[in-house]
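Step one of this worksheet: look at the structure below.
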Amino acid sequence: MSDVPTLEIDHLDKSYGSVRALRDMTFDVHGGEIFGFVGSNGAGKTTTMRITLGVLAADAGEVRWDGRPVDLDVRRRIGYMPEERGLYPKMKVGEQLVYLARLHGMSTSEARAATEHWTELLGVAARRDDEVQKLSLGNQQRVQLAAALVTHPEILVLDEPFSGLDPVAVDVMSGVLRERAEAGVPVIFSSHQLELVERLCDRVGIIRDGTTVAVGTIDDLRTTPTQRWLVDGPPSGGGGGVDEGGGTGGADGDGERAPGWALALPGVTVVSTDGPRTVLELAPDAADGAEQAVLRAALDAGPVREFTRVRPSLVDLYRDVVAATGADDEPGDEGDASDHAAGGTGAAA
Amino acid sequence: MNGPVALVAGREITTRLRSRAYLITTALLLAAVVAGGLVLHLAQGSSSAQVVGLTPQTASLAAPLEATAEAAGLDVSTRQVADDAAATAGVEDGSLDAALTGDLPAFTVVVEKDLDAQATTVLTGLRQQTALADAVTRLGGDPAQVSQEVAGATLDVHALNPEPARDGAQVVAGYVAGILLFLTLQTCAQMVAQGVVEEKSSRVVELLLATIRPWQLMVGKVLGIGVVGLVQVAVVVVGGVASASAFGLVDTSDIDLGASALWSLVFFVVGFVMYAFAVAALASLVSRQEDVGSVVGPMILFMVIPYVVGISIAPWDPDNPIVVALSYIPFCAPLVMPIRVALGTVDTWQVLVSLGLSLVLVPALVWLAARIYSNAVLRTGAKVRVRDALRAA
């Protein structure tokens, strides 16, 4: 891992007046890795990205690339997609992309070639001679991504690249990010589409109140101290009276044959039951293979149609981390404010 | 070295030179100065020479008539006719405006209806000359010598408070310079303001500033729009100078057309630099085109003061203390000094002093503008206060 260049976000602090936007924000993204950045509105995602790009100065902390502080020279090699989309509305798509590429230090011919390449790949080649304002929002978004990519960036920082895209465009965009990561580029993007983040990202950072509360691979994050297993087979009564499904469906017969088969197992607790579906939790000190005893007990009680490990989804993790502690008013207020702002523009449009 | 600045300026130049509004404005301004020259030319042409017919008996009056007429500012040409009858016929059919018939010294003036006041004065003088010459001859003198001595006697006027000399062409040039500089400085300042806010409102500024520094963006923009404005001014000035020369408007004038044109261009550049940086800084405080007026408006209104003073007072009273003062004060000088140069009432050293006073201010202005712009341009939303923009790091 040591020879892979890494983008390090190191203990960033930032306040806007009395509002503390970032506190001790720390994580890193390695070359060739897609890093998903999730958190509620106003949690500090955009602030972190803007500091990385140098359009905002941190009060404290540092951003490093390959061990050195990110300066203007490094920033010119970052492909950036700001949260607030920004292109010259009255400039032609092609000219605009060439101009941006040249600002990043490319020659005119390189810039033209890159513009052709990315507009074709992103499906907006036919619109190169149109003014940006004449494009649909989805196509404007593709051009915006092209603007981040035409410079052959060594690093990609994308703020909400998927918002407002149709499913086909999402696939195109995902493919491009994957391909860039495979080429060794560290890709960091923020999104509220957690299923997408789960599917696409190698690692995820969940932030709250301007600080990271969980960082790791999806598998790491989903690993809980205790294992949970789902059994779709003979119903198990009990489970602390959460048996809401026991009286429904045609499972009565099974239930009579083996009432509470799971309750008898040592070191196993029933988390929930829903008709034939029972979720069990093994004790933290359970030995490897302890689940096999569960399976055998279930089979003894009746036919088993599904036996699978239950892991929390990113949505569950996110809710645990963000929503459960959302009693804090500060970030909520900020999020509300931006929600109102967004609603206002939406209504006006 | 300054690649980004050149790229930003290049984008401004290429996109703006192609814009329809710019092309139309330039064409209209050019058409206005050329059409103005044409109108002045036609107006001059209408006061054409009066033709006076001379018979063989009065032919000797040709030279003194033309000399007296010229001294009186009247354009008179003479034509020989065969005799008195032919002269009368010429006046009748309109080919002659007047004819001098009869014998010297008591010649008769034949006209269609009557003689206008100026011609009466000229011809009366001529008649008195012939009477004088006749008397001199009869007294045994040489009329030629007498008239030569009389002609040599000129009036010696000692004015205690002389009015600066200027002629019609200079006044017109003063007007044109004043109006042109006001119009172009104002349009260019507006272009800068709108350009800054366009980038801010479309948020493209965030994308740009991830790559280049704020001052590079601001300087490139000002430079690019400056070139675009200078091209416009140069086209109009060259068009004006060319039409003035082609229509012969300045043949009899004391105006130094080359100096007027050159100083107008120089003061456009200086005025533009100062107003552009000030306006760029002010415009960076707001996020929407609708709000541009609230920050830039006072600046534009301010330009009206030197403009109105320059246009309404300077041509009639070039040494008016207010006019003179404004022609040295930075921000006002670019709008007033070119008028005074066109009127021919300033020395070169005075122009240079005025220019120097403005230029001294430029570095401080650019520094201040860069600071405000850098701090404000990324803050979207509510209007940023100047004090906050200056203080924030």
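Using the three backbone atoms N, Cα and C, a Cβ is placed for every residue, glycine included.
No curator has checked TrEMBL annotations; they are predicted automatically.
What TrEMBL records for B:22-370 is domain 'ABC-2 type transporter transmembrane'. TrEMBL lists B:21-43, B:172-193, B:222-249, B:261-283, B:295-316, B:322-339, B:351-370 with the feature transmembrane segment.
Tertiary proximity for the transmembrane segment (B:222-249) is limited to same-chain residues at least six positions away from its ends with a CB under 8 Å from its CB atoms, namely 5, 8-13, 16-17, 22, 25-26, 29-30, 33-34, 36-38, 40-41, 44, 169, 172-173, 176, 180-181, 184-185, 187-188, 191-192, 195, 257-258, 261, 264-265, 268-269, 272-273, 276-277, 280.
Tertiary neighbourhood of the transmembrane segment (B:295-316): same-chain residues 166, 171, 174-175, 178-179, 182, 185-186, 189-190, 193, 275, 278-279, 282-283, 285-286, 322-323, 326, 329, 331-333, 335-336, 339-340, 343, 383, selected by CB-CB distance under 8 Å and a gap of 6+ residues from either end.
The transmembrane segment (B:322-339) is not in contact with the transmembrane segment (B:21-43), judged by fewer than 3 CB-CB distances under 8 Å for residue pairs 6 or more apart in sequence.
It is B:172-193 that, among the stretches B:172-193, B:261-283, B:351-370, forms the most Cβ pairs under 8 Å with the transmembrane segment (B:21-43). Counting only same-chain residues 6+ beyond the ends of the transmembrane segment (B:172-193), those with a CB under 8 A from a CB of the stretch are 16, 25, 29, 33, 36, 40, 221-222, 225-226, 228-229, 232-233, 236-237, 240, 244, 249, 255, 257, 260, 264, 267-268, 271-272, 275-276, 279-280, 282-283, 292, 295-296, 299-300, 303, 307, 310-311, 314-315, 334-336, 338-343.
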